[in-house]
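S.K.: Sharing the record's features from Swiss-Prot:
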ACT_SITE  His65  active site, proton donor/acceptor
BINDING   His95, His97, His120  Zn(2+) binding site
BINDING   Thr200, His201  substrate binding site
DOMAIN    4-261  domain 'Alpha-carbonic anhydrase'
MOD_RES   Ala2  N-acetylalanine
REGION    22-41  region 'Disordered'
Amino acid sequence: MASPDWGYDGENGPEHWCKLHPIANGNNQSPIDIKTSETKRDPSLKPLSISYNPATAKEIVNVGHSFHVNFEDSDNRSVLKGGPLPESYRLRQFHFHWGSTDDCGSEHLVDGATFSAELHLVHWNSAKYPSFADAASQADGLVVVGVLMKVGQANPNLQKVLDALKTVKTKNKKAPFTNFDPSVLLPSCPDYWAYFGSLTHPPLHESVTWIIFKETISVSAEQLAQFRSLLANAEGDKEVCIKQNYRPPQPLKGRTVKASF
């Protein structure tokens, strides 16, 4: 999905995305600032059922604006069910967003507060669509689980991922990344918010049911620095660190944010 026509600063930055992607000003854009006093508890929201098989972890790829850990998604070995979802959704990849300093980096805010980073686990509706690409633009196509990350203690569960970054230092590099269960990165408290929104970078499809955990996970300053050491350039080109890769919050435009708690 990465293309040279967008980025996170200057004339390619988020406020200019609408020139090439008019949906950037749509009614269901993400991320948002979750105002807790305006969320609605929904008793019909069931607990999430998350079942990830570590054998489906496949590779890590530098996509130029972040890195993706990709999963084998030709079967239902790694799926998300329950919560607000009518179907089971298959895990495709996870990635992170971060900032140039420790006091920013998350895409979602809670009552105006920003966090140091954010983990996104991307799933697609395999019950209804033949592939991730087919699902990605459909209103019921995707579910992204978001986990807010707060600077503090080092998080040992992140270490395997961070250690792999040196194998994909530059854009388009990929390396095997196997035997990993990303549920170790989830908070222990099951409470979450849910709302309908979009991908947070171009093509910005309004195709995402968002599930944002209330509880944060920790990440240390040193671990955040490892994210920022990743390079946006291809091998041999002038070195440019990926210092920040988050989109500012978008207007809610009448949407309801539901709470499971």
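Using N, Cα and C of the backbone, Cβ positions are placed for all residues, glycine too.
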S.K.: Taking just the CA atoms, what is the gap between His95 (Zn(2+) binding site) and Thr200 (substrate binding site) in Å?
M.R.: 12
S.K.: Can you check which residues sit near Thr200 (substrate binding site), meaning Cβ under 8 Å from its Cβ, same chain, 6 or more apart in sequence, and list them in order?
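M.R.: Residues satisfying the criterion: Ser30, Pro31, His97, Glu107, His120, Tyr246, Arg247.
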S.K.: To the nearest whole angstrom, state the Cα distance for the pair the residue listed as 'active site, proton donor/acceptor' and His201 (substrate binding site).
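M.R.: Cα to Cα, the residue listed as 'active site, proton donor/acceptor' and His201 (substrate binding site) are separated by 10 Å.
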S.K.: Across all chains shown, how many C-beta atoms besides its own are within 10 angstroms of the C-beta of His95 (Zn(2+) binding site)?
M.R.: 19
S.K.: Can you check what DSSP calls His201 (substrate binding site), collapsed to helix, strand or coil?
M.R.: coil
S.K.: What is the set of residues, excluding His95, His97, His120, whose C-beta falls within 8 angstroms of the centroid of the C-beta atoms at the Zn(2+) site?
M.R.: Ser66, Phe94, Phe96, Glu107, Glu118, Leu119, Thr200, Asn245
S.K.: Ranking the binding-site residues His97, His201 by other Cβ atoms within 10 Å, which is at the bottom?
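M.R.: Comparing Cβ neighbour counts within 10 Å for the binding-site residues His97, His201 gives His201.
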